[in-house]
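**Student:** Before anything else, here's the structure in question.
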Amino acid sequence: MAVTKLVLVRHGESQWNNENRFTGWYDVDLSEKGVGEAKAAGKLLKEEGYSFDFAYTSVLKRAIHTLWNVLDELDQAWLPVEKSWKLNERHYGALQGLNKAETAEKYGDEQVKQWRRGFAVTPPELTKDDERYPGHDPRYAQLTEKELPLTESLALTIDRVIPYWNETILPRMKSGERIIIAAHGNSLRALVKYLDNMSEEEILELNIPTGVPLVYEFDENFKPIKHYYLGNADEIAAKAAAVANQGKAK
């Protein structure tokens, strides 16, 4: 049976992951640790014999720079890359820039968990005169006002990620190209929910660690057979638990 592999990588730790802030579409860069995570992911993929024909990422530099570091370690810096806002992190609305633990102290752990992980729950909206509104950013100049989010739930994130997967990424895989996607916690959770047909309750508990390659294997009909992380299982579990704990009051 012919097996097709897809590699997903959540960006390495960002400066705002390190400061425990809601980031969303804010274009913060990788921390020093995050650069190291991205390089380590590339080294691991090289050791395991991976190489790629095409890459996808978002229009946010923490994902772009993660991909650059991964491809650099693979000696594939030349690889063609498509950047799309449809792979951006979920938009966190008026929470963007706020400290997660301080927000939990103010509103309670459960409310923040729902904002972070509730399937159809949207954080408080931005207003269009807010400097954080994406309509002020030239990289989104081609988007319609309807496409520009004031806030997003995971459900709304799925509404942009999955059509992009089906219409753009999957056809490349079906043509035989080996694909890597460097994206974000919630855009990847959106894709994982779809691929694994997870329930809303199951996706609530899923935490994707930063900078760890996640491999999906597909059968000849492009149905997922299995998935697994590359690397030390205990370290990966600890990183996933740390992601889950970010939204709790200290």
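In case you wondered, yes, glycine gets a Cβ from its N, Cα and C as well.
Swiss-Prot lists these features:
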BINDING   10-17, 23-24, R62, 89-92, K100, 116-117, 185-186  substrate binding site
ACT_SITE  H11  active site, tele-phosphohistidine intermediate
ACT_SITE  E89  active site, proton donor/acceptor
SITE      H184  site 'Transition state stabilizer'
**Student:** For G24 (substrate binding site), find which of the recorded positions H11, E89, H184 come within 10 Å, Cα to Cα.
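**Tutor:** So the list reads E89, H184.
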**Student:** With DSSP assignments reduced to helix, strand and coil, which class does H184 (site 'Transition state stabilizer') get?
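**Tutor:** DSSP call for H184 (site 'Transition state stabilizer'): coil, neither helix nor strand.
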**Student:** Of the recorded positions E89, R90, K100, G185, which one sits closest to H11 (active site, tele-phosphohistidine intermediate) when you measure Cα to Cα?
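**Tutor:** Going through E89, R90, K100, G185 one by one, the Cα closest to that of H11 (active site, tele-phosphohistidine intermediate) is G185.
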**Student:** Could you tell me which three-state DSSP class K100 (substrate binding site) falls into?
**Tutor:** helix
**Student:** Need the DSSP three-state call for G24 (substrate binding site) to compare against my parser.
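**Tutor:** Where G24 (substrate binding site) sits, the three-state DSSP reduction gives coil.
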